[in-house]
Amino acid sequence: MACGVVSMTIVPLSSSSSYSSCLSYVRKRPLLRSLSVGVHCSSISRDLSLTTERLGNGDAMTGGAFDFYKATTSLTERSISTSKKVTLVRHGLSTWNEESRVQGSSDLSLLTETGVLQAEKCRRALANINFDRCFASPISRAKSTAEVLWQGREEELVFLDSLKEAHLFFLEGMKNVDAKKIYPKEYTTWREDPAKFCVNGVYPLRKIWVTAREAWREILLSPGENFVVVTHKSILRALICTALGLGPERFRSVEINNGGISVFKFNEKGEAMLQSLNMTAHMYSDHTYLY
């Protein structure tokens, strides 16, 4: 990986407090490509310094890492063609979100008008980014969000079963308040210790951890370098945790809002670095992203 550092240090020309001219000098060093730039200007603090680091893809980052080799385990178990970037998006507000029902893998919860507006906000927020492909869950609320977000793009949407939401059995469709009354033990386990939530010998979180790894392999082994993924909260938590090497017991350590955007970078080993988590500035303004 080619990395570089640019450092700028303010150096005075003389002992006087103001200067009539500016002078800069550049010194280059191989391997790290370090540039030291001395700038002499009037009315500038002599101790002021600025350090900007550059990753191999040219993205400027202040105080960023040079590399993340072996920071996490490979999600592909083999080398991929090139480094990649994956943007994760949660679907917009759904009818069952609004009604405080347990959704799970049910396809009966639809995108609301507010959800459509949120999807449109995501589209505008990501409009300046050139994505090679969009992957999405085929479940309606995520599918509809992806269709809005992907408007105007040439490539076809790709729907993956591995991006479907966790199956929550008899809890699906129930209002949370009713589920807590009718199935107090099961509901409390799901809410407070979800890794131990079990129905007829099936642990939904263990299953979704497996499908999350399958989804990562499908996405990262696809041709292209920059992808966007639209799916659901639980599978998003699983995608984020598996990328970072965290187990199902850390499921509720990650929060993702409707329309929330998270970004991962992957090196050629298939190892992940989390760049951004649950960005929502675009939900409350006309903010756009460029990364």
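Using the three backbone atoms N, Cα and C, a Cβ is placed for every residue, glycine included.
For H91 (active site, tele-phosphohistidine intermediate), applying a Cβ distance below 8 Å and a minimum sequence separation of six or more within one chain yields L111, G115, A119, S137, R141, A142, S144, T145, V230, T231, H232, N258, G259. The active site, tele-phosphohistidine intermediate annotation in TrEMBL covers H91.
Among the features that TrEMBL reports, active site, proton donor/acceptor is placed at E165. Note on E165 (active site, proton donor/acceptor): other Cβ atoms within 10 Å of its Cβ, all shown chains, come to 26.
Sequence annotations record features per position, and here TrEMBL assigns substrate binding site to R90, H91, G92, L93, S94, T95, W96, N97, R141. All protein chains considered, the CB of W96 (substrate binding site) has 21 other CB atoms within 10 Å.
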Worksheet, complete the sentence: Within 10 A of the CB of R90 (substrate binding site), the number of other CB atoms across every chain shown is 26
Fill in: Neighbourhood of G92 (substrate binding site) by C-beta distance under 8 A, where only residues 6 or more apart in the same chain count
L111, T112, T114, G115, V116, L117, Q118, A119, C122, R141, S144, T145, V148, N258, G259
Practice prompt. Quick one: pull the CA-CA distance for S94 (substrate binding site) versus E165 (active site, proton donor/acceptor), whole Å only.
Written response: 14
